[in-house]
Structures are given as structure tokens and as C-alpha cells.
Amino acid sequence: MTFQSPKGTYDLLPPASERVLAVREALAAPVRQAGYGYVETPTFEDTELFKRGVGESTDVVSKEMYTFDDKGGRSLTLRPEGTASVVRAVLQHNLHNGQLPVKLWYSGSQYRYERAQKGRYRHFWQVGAEALGAEDPALDAELVALAWRGFASLGLKGVTLLLNSLGDQVCRPVYRAALQDFLRGLDLDEATRARIEINPLRVLDDKRPEVQEQLEGAPLVADHLCAACKAYHEEVRTLLTALGVPFTDEPKLVRGLDYYTRTTFEFVHGGLGSQSAVGGGGRYDGLSEMLGGPALPSVGWALGVDRTYLAMEAEGLLDEAPAARVQVYGVPLGEEARRRMFLLVEELRAAGLRVDMAFGGKGLKGAMKGADRSGARFALILGERDLAAQAVQVKDLTTAEQTEVPLAQVSDVLKGKLQ
RNA sequence: GUGGGUGUAGCUCAGUUGGCAGAGCGCCAGGUUGUGGUCCUGGAUGUCGGGGGUUCAAGUCCCCUCACUCACCCCA
């Protein structure tokens, strides 16, 4: 082999690729149904957008970005997440000057320079949704519910929703100081102590048992929320409960990006190896201003397409044989029949059937194998005898039953049989 | 960035104290000159990840290196 896919990336091939495509569509379906509009943004942006938007203190920005200079000397970065780009696009095109909230969804590749392992790759796919320009707990609840429905529609049973509030500009600084006081008294390694000063909330997210033990008794955001944040969070919880969306309060859920405020949530699953999140998001009321825009309180999420696929695999939802590629498969015998079959196949496709035929001059046996492997219900066998009779042999591959059908009627007959 | 595991046919893998490169599946052909899936028979395919070393002899032992993979860290 001369080349292989770059480290940390992988190819999606049939039949798995078809299923991933279906996962992507299923995750997007609820938001589309809810009236969110589709947005596509470039896969690379001005590096500064992510530094300002995602936050210089995050690992994503400090060590996981694919950054390069283009020939014009601009520093560009392959997007490590989608929200900053969407906010940038909204501000650039003044979508927020219209009716609010602006509701958008997207689907695409994201890139992070990390050591790959199960469920974590340098190139991965997300479906995301954002509702910008409204401070309304119902919007938070709506988005959470739409994501929840996406997972449920795929048959997933093991997804758990974790919910928390990070407070706002009023109460977060107070909490942050209290947390820092607590953390400074702990026995932690140097990197973690440095994190206390830069982004203390993320220390709560440390998975190491020796760290988690010490975090017993740490001050929690929930106890420091101001009245407004507390009321807001209670309303989100009430609405989710009313919708029947089950959630678990997770006071230590902080998430890794700097822009989150108030509501944060994460959908976790146990089938992803060492990873746990199949999706996550929250409110980011200050992001627009960080990017030079007006106040634009917003909420959104991103769901991992490939991680959702892994979760489905872990639940055994992908065990059944994949769907047949086509319904009908042409088996021509000889040159004359091959030309006629080529036309017939196109005719049947135009009539709405899924059809393939044997290519490459295979013999009858080889062509029939092709028919079998295509998953087609019917094989159409066309040789000189049939051409002379202006007919084709229609063979039901499930029963081996074969009937002769006039060429002029094949389309109608097949459509009848396949209904 | 750090640590563990694994690299042998297209795929999954076996290969003993160092002694002729293997199996299953898949693929191709034939059995059936106009019939697949089952069955039978036959066939093709190897830089044993790469380089170096030890040895009469290395897939096997040693060193280096690369890749993959899992985990830490972090996140979707």
C-alpha cells in the first residue's frame, strides 16, 4: 500500500457509510421538523475566531487546532467545533437584525489534533443546532428535547442526559473565586494547579480518581447561582420534566469550551470506550460579544455522528443485515443482449426502480452471482432467445421462480411485484 | 505530549525449543457450453510493517524505526 489515510482519520465504506449517513439524517430530522434552517460555513476560519470564541485557555485552542498560513499570509484554522463559525456567519450577514431567535442547524466535519483512540479522532462529524438571540428557558428545553428525540429515533436506550447550570456574569465570578480557594488547598499536580488559575471549573471535570476523591465537598455552582440564574435553571428543569425528557442533575458538569453560561448539558453513553459524550451543548450568552457583536444570548448543541454510531453498535442496533443495494439486477448474455439490457436498466431507473446490472463481460454464472450479492429481489435474464421473443426472463431470487415477460411490460410487472 | 498492546494472504487470525509460509472466510474457475444463493473439486494472492544485528539458518532472538490500536490528558 502506497498511501493511507492520515493519522487519526478513517474512511467510511459501504455498508457502514450508508448507516452513518442515516444516523446523520436521523439526528438532524427533529431540528428540521422544528423549523431550524440549514447553514453551511467554511471548514476553515480565521484562527482568531476560535481563539476568541472557544477560548485560549481551552485545550481545543491551546493544543488541538490544525492551524496553517495560506499563501497570502493569513492564519487559518480547520474548525474544531461549529458554534463559533455559526455565530460569525450570523453576525457577518446581520441575521440577528431580523426576527429572533435565529434558528440554524448544520452538519459537517470538525478537526482536532489529538491522539486518536476509540471514539476520538482527528477528523469527526457533528450535527449541530443553534438558537441565537433569545433568553428563554423554553428554548434551552426545546433544543435538549430535539436532541433527545434524535437519539431516541435511532433506537438508542442507553443515552443519559446530564444537566447543570454554570451561572452568568453576575454569579460565576463569585463562584469561581470560591472554587479557586478550595482547589488551591488540594494536593494536585502542576498542570492541574495551573488550570486552577486559568479555568478552575474544568478541574471539576477531571476523571482521575485521586482528583475526584479530593473534590468531595468542593463548592458547587448550584449553591452559588444568583436568583435570576436559579429561576432560569428551575424553569428549564420544569419544562424538561413536563416533556418527559429524563435528566440527571450533574453539578460538576462544566464542559471544555469557555463560552458556556447558564444551562449546560451533555448526552453520555457507555459504549464509546473511554469517551462518554455523544453530544453536548449549552447556553452561550456572551459569545456574540466576545466576537465583537451585540448581546445575543443563545443556546445550542453539537451531536457526534460517529460517536452516535459507536453507541448504536454497542447496543446491537446495527446487527441486522444492511438493506439491499438494488431491487432489480440485469443479467445479459452476449453483446446484443448487453446493449438492450443497458437501455432496459435505464428505463427501469427512470420508472423509479433501484436497478443495477452485470458489467465487465461476465459469464452467466458470474452475472448471477452479481445479482445475488446485490441483494436484488429480481434478476432479469436476457439472451438471444429472449431478444428474438422480445421478452425477458424475470427470476425471483428468493423463490427461484422464473417467468417470461414481454420487454414492453417489464417495468409495470416489476413495479407490481415490488409493491 | 505520556504509557500499554498489536503488526503474517483482501479480511479474521494460527505459526511449538530458531529449521520448506499456514487455516478459515472472501475472491476466481470448473462441476452446470442459459441460471445465483447450498454442495463438491481445483486455483490465485505474501516486502511475515520497515531497517539493522546475532546465527549454518530468523515470522520466531536483540536493537532501532514506522504504523495501527487502547488508555492517560481532553472532548463530540
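Residue numbering: from 1, along the chain as shown.
Positions of Cβ are set from backbone N, Cα and C atoms, glycine also.
In TrEMBL this protein carries:
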BINDING   A:Glu81, A:Gly82, A:Thr83, A:Arg112, A:Gln126, A:Glu130, A:Arg255, A:Tyr259, A:Tyr260  L-histidine binding site
DOMAIN    A:22-332  domain 'Aminoacyl-transfer RNA synthetases class-II family profile'
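All chains included, 21 other C-beta atoms sit within 10 angstroms of the C-beta of A:Arg255 (L-histidine binding site). Counting every protein chain shown, 23 other Cβ atoms lie within 10 Å of the Cβ of A:Gln126 (L-histidine binding site). In this structure the residues listed as binding L-histidine are A:Glu81, A:Gly82, A:Thr83, A:Arg112, A:Gln126, A:Glu130, A:Arg255, A:Tyr259, A:Tyr260; their two most distant Cα atoms lie 21 Å apart. Contacts of A:Glu81 (L-histidine binding site) defined by a Cβ separation under 8 A and a same-chain sequence distance of 6+ are given as A:Phe50, A:Val54, A:Val60, A:Gln110, A:Gln126, A:Leu257, A:Ala302, in order along the sequence. Confidence in the domain 'Aminoacyl-transfer RNA synthetases class-II family profile' (A:22-332), given as mean pLDDT, stands at 91. Within the same chain, the residues at least 6 positions away from A:Tyr260 (L-histidine binding site) whose Cβ sits under 8 Å from its Cβ are A:Leu166, A:Val254, A:Gly282, A:Arg283, A:Tyr284, listed in sequence order. Following the DSSP three-state reduction, the secondary structure of A:Gln126 (L-histidine binding site) is strand. Neighbours of A:Thr83 (L-histidine binding site), defined as other CB atoms within 10 A of its CB across all chains, total 25.
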